[in-house]
Every structure is written in structure tokens, then in C-alpha cells.
């Protein structure tokens with residue numbers, strides 16, 4: 001019986017000391033606002049055409065012609081094509097594990113390629 005009372009008192013004390021839900025409301029409001037802005041951008045043609053990029057000026061975007069991997073914009077973007085010039089893009093596979101391995105390989109390959117291109 002004493003153990004039951006200790007558990008009851010402890011659980012009531014923890015419930016009283018726990019943070020209230022009002023602290024999480026601004027975070028939920030920010031997430032809802034972000035979701036609404038993304039939803040609006042899907043229907044707005046101007047925002048869907050323009051993509052946010054953090055590339056150096058002169059790097060090629062996805063689909064543009066290239067000769068080396070270091071010319072393409074993106075961490076794992078590579079110059080794809082049998083003949084020169086190729087085009088910038090991402091190598092893909094249907095297997096999820098294979099896709100992660102391919103992404104890692106492309107990232108390392110681009111790092112080495114960037115060093116060689118800078119030299």
C-alpha cells in the first residue's frame with residue numbers, strides 16, 4: 001500500500017512539474033507557416049521555375065552540357081555521358097542501398113575532381 005502511495009505521489013508531482021503545452025505552440029505555428037508557404041510555391045509558377053542553389057557562378061546546372069564532374073552544381077552531381085560533352089545530372093538506381101552507396105561514391109569522386117580541377 002505504501003508503494004502505491006509513493007508511485008501516485010511521484011506521478012502527480014511529475015505531472016505538475018512537466019512543461020506546459022504553450023511553449024510548443026510557436027514551433028507548431030512556424031511549421032504550419034512553412035508548410036503553407038511551400039504549398040503556395042507549388043502552385044506559383046515563378047517559384048517552381050527558380051531553384052535555390054548555392055553554386056559558384058559559372059557552374060553548370062542539371063541538364064547542361066559539361067566535360068568534367070567539377071563543372072556541375074551539386075555535391076553528388078556528375079558529368080554523365082559516353083561521349084564528350086556529357087550533361088550534368090545525378091546517377092540513380094532503383095535499389096535504396098545502392099543509391100546511398102552511389103551518392104557517397106559520387107560525393108567522394110566530386111571532392112577529388114574539385115581538387116584536380118583547381119590545380
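For all residues, glycine too, the Cβ spot is worked out from N, Cα and C.
Record features, source Swiss-Prot:
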SIGNAL    1-17  signal peptide
DISULFID  55-73  disulfide bond
DISULFID  66-79  disulfide bond
DISULFID  70-117  disulfide bond
DISULFID  72-88  disulfide bond
Three-state secondary structure of residue 72 (disulfide bond) from DSSP?
strand
With residue 117 (disulfide bond) as the reference Cα, tell me which of the disulfide-bonded residues 72, 73, 88 is the closest one.
72
